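Novice: Next up is a structure, given as structure tokens.
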Amino acid sequence: MSDTPAQTVPFVRDTMLPPAPPPASQAGALRWLRENLLSGPLNIALTLLGIGAVWYLLQGIVPWLAHSVWSADNLTQCRQIITDRWGEGATGACWAVIRERWTQFLFGFYPQHLYWRPTLAFALLFVALAPVLFARVPKKLLWFSVAYPFVAFWLLWGGSLFLPLTVAAGFGLGWAAFALLHRFGTIPAVAAAVLLPVLWWLLFAGDLSRDLTGLVGREVPFWLEQVRSDKFGGFVLAITIGVAGIALSLPLGIMLALGRQSDMFLIKTLAVSFIEFIRGVPLITLLFTASLLLNYFLPPGTTFDIILRVIIMVTLFAAAYIAEVIRGGLAALPRGQYEAADALGLDYWKAQRLIILPQALKISIPGIVSTFIGMFKDTTLVVFVGLLDPLKGITDAVRASTDWKGIYWEPYIFVGAIFFIFNFAMSRYSMHLERRLKTDHRQE
Amino acid sequence: MSEVIDRRIDRSHMQVSDEVAIQISRMNKWYGSFHVLRDIDMTVHKGERIVICGPSGSGKSTLIRCINRLEEHQSGKIVVDGIELTSDLKNINKVRSEVGMVFQHFNLFPHLTILENCTLAPIWVRKTPKREADEVAMHFLKKVKIPEQAHKYPGQLSGGQQQRVAIARSLCMKPRIMLFDEPTSALDPEMIKEVLDTMIELAEEGMTMLCVTHEMGFAQAVANRVIFMDQGQIVEQNEPAEFFRNPRSDRTKLFLSQILGH
């Protein structure tokens with residue numbers, strides 16, 4: 001009996017096979033159709049049903065869009081034009097309402113002669129974002145990104161130039177205190193960096209700003225016409241809250257996520273309670289708290305801008321979600337990354353900044369951007385605290401006018417389309433960023 | 001047994017001095033209620049090449065991870081390069097920047113290039129100017145024979161290359177002591193040799209090394225002392241020739257017969 005079966009013959013390959021091309025593709029339109037749509041009786045039925053559904057929808061929408069009217073003074077006139085052109089019973093979109101009221105959707109009740117200010121602030125937003133978002137933009141522009149919040153504040157609300165300047169000086173003071181005291185240890189440096197600016201804002205900033213304004217008078221380079229918060233509305237409001245919320249909630253979310261992972265009991269407990277509390281209540285509850293309850297807690301007579309309050313609440317809300325998203329990213333990192341950073345002698349903050357967070361944030365990009373998109377859409381909820389959001393606040397205002405009473409789809413489609421543009425852009429950017437940061441499997 | 005070591009070892013610089021590099025006395029460690037390390041006493045002199053072996057779960061990795069305090073010990077004393085390891089973070093980071101560590105799974109930073117992996121700690125811990133750090137990094141990358149990969153990412157390298165980068169990354173901190181935690185266990189057989197060669201070169205230059213490894217060929221060729229651990233204790237230690245020819249304890253004999261005899 002032999003170990004090998006009888007038919008096995010010793011074999012040695014003497015020539016290696018060259019790689020051969022794959023079999024020529026048999027794909028064609030018909031083949032694709034058959035495989036994807038008509039592969040069996042059930043699929044044939046479903047395909048037909050799908051075509052029917054699409055046909056039914058298009059039948060309603062296409063004529064309505066085709067019969068669009070772009071200029072009319074009011075809804076009655078608009079409907080008259082449609083009836084005249086396409087006969088009795090014809091439906092059509094009345095975009096004339098957008099043509100007449102688009103400024104209101106964009107600017108709310110912001111004074112008309114000052115429209116240039118939010119427009120300029122919006123344009124500058126892209127300049128400020130460029131160095132943050134794109135690697136190829138020179139990093140020196142980051143200085144403008146740092147200054148942008150103060151510039152935008154001044155442009156949007158107006159008033160004295162010295163108010164944003166003294167507020168900014170507070171941040172400068174904190175930074176200087178940190179830089180000077182850093183050598184004496186992290187704790188005194190951080191304490192000074194927090195306390196000094198707060199004292200500055202509470203005790204000196206207001207008076208200094210007022211005195212300086214009094215000194216130079218309400219002249220143009222130092223003074224812009226003031227616009228009160230209740231004049232804000234539409235997309236100026238949504239974008240102000242959205243951008244501020246996004247910019248503030250990311251760092252706060254990172255700190256919360258790190259806090260939740262901390263070994264220190266007190267910090268961990270604070271972070272966990274904060275996150276669980278904020279995620280546990282609806283955003284509207286927080287907004288109501290911001291608009292009503294805060295007045296009870298603040299000393300009487302304090303005026304605390306409603307938009308600022310809403311921004312704080314939206315920020316806290318988004319930060320709690322972002323913290324959890326980032327915690328997922330942190331948990332996905334192998335322990336070896338922490339150990340390698342430790343073994344090289346990096347301290348906690350350097351390890352986080354250079355090793356852990358760049359990787360954890362990269363993993364969390366889709367979740368973070370989802371949270372941002374959700375938050376931007378949630379800015380429409382400010383209608384419940386009396387602010388004029390674009391979706392309901394402004395749309396209701398338009399529909400309440402005698403001219404456009406009864407109009408329904410067009411304003412919502414317009415507002416929806418603008419939201420879509422912003423959110424789709426964010427979504428595409430996040431995909432771009434994921435591709436750019438992809439360093440793990442470059443051999444493709 | 002030593003088919004992976006195919007060259008003469010240059011012993012002219014391998015000198016053990018009287019100076020103590022690591023002093024461990026009556027050190028104990030528990031994971032919860034599990035007693036991982038029991039009464040470890042160990043003195044490592046400058047220039048020693050020590051191989052630690054033992055069955056899995058014997059505490060050998062934990063022991064060297066205690067030396068740079070990736071693991072905390074609960075009693076006893078560890079003094080590294082004259083600095084006692086306590087909960088004082090400053091001391092810990094000082095020790096860590098003097099002690100290089102190479103891991104089983106390399107633990108390179110995947111978001112940084114090979115060069116950035118090597119210059120990160122010198123720049124941020126040692127405050128070396130970037131240009132100088134780049135030069136030092138290239139020097140060590142040449143030494144581990146992969147300078148041409150400097151601008152690639154770890155994910156593009158083979159396991160053996162990654163482990164050599166990890167060694168170069170540790171060397172860039174100019175450590176006095178190197179710890180190796182099963183550096184070849186995660187590698188394909190044909191890549192083990194290139195990593196061992198790098199380690200041998202390091203030994204030839206007189207580096208103080210502690211290696212947890214099952215590469216007995218390496219132990220025989222390079223080590224001046226082999227330590228066998230079991231159940232959290234040092235069971236036997238001897239110079240390699242004696243250790244392999246004449247194991248004294250039954251546990252050592254059993255272990256050696258299992259990994260060497262086939």
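The backbone N, Cα and C atoms fix where each Cβ goes, and this holds for glycine too.
In case it helps, TrEMBL gives these features for our protein:
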type     : residues  : note
DOMAIN   : A:235-430 : domain 'ABC transmembrane type-1'
REGION   : A:1-23    : region 'Disordered'
TRANSMEM : A:40-58   : transmembrane segment
TRANSMEM : A:114-134 : transmembrane segment
TRANSMEM : A:141-157 : transmembrane segment
TRANSMEM : A:188-206 : transmembrane segment
TRANSMEM : A:232-258 : transmembrane segment
TRANSMEM : A:270-294 : transmembrane segment
TRANSMEM : A:306-326 : transmembrane segment
TRANSMEM : A:407-426 : transmembrane segment
Novice: Should anything in the same chain at least six residues away from the transmembrane segment (A:40-58) have a Cβ under 8 Å from its Cβ atoms, list it; otherwise answer none.
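Specialist: Tertiary neighbours of the transmembrane segment (A:40-58) are none.
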Novice: Determine which recorded stretch among A:114-134, A:188-206, A:270-294, A:306-326, A:407-426 has the most C-beta pairs below 8 angstroms with the transmembrane segment (A:232-258).
Specialist: A:306-326
Novice: For the transmembrane segment (A:270-294), find every same-chain residue at least 6 residues outside the stretch whose CB is under 8 Å from a CB in it, and list them.
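Specialist: Same-chain residues near the transmembrane segment (A:270-294) but 6 or more away: 256-257, 259-260, 262, 304, 306, 309-310, 312-314, 316-317, 319-321, 323-324, 378, 381-382, 384-386.
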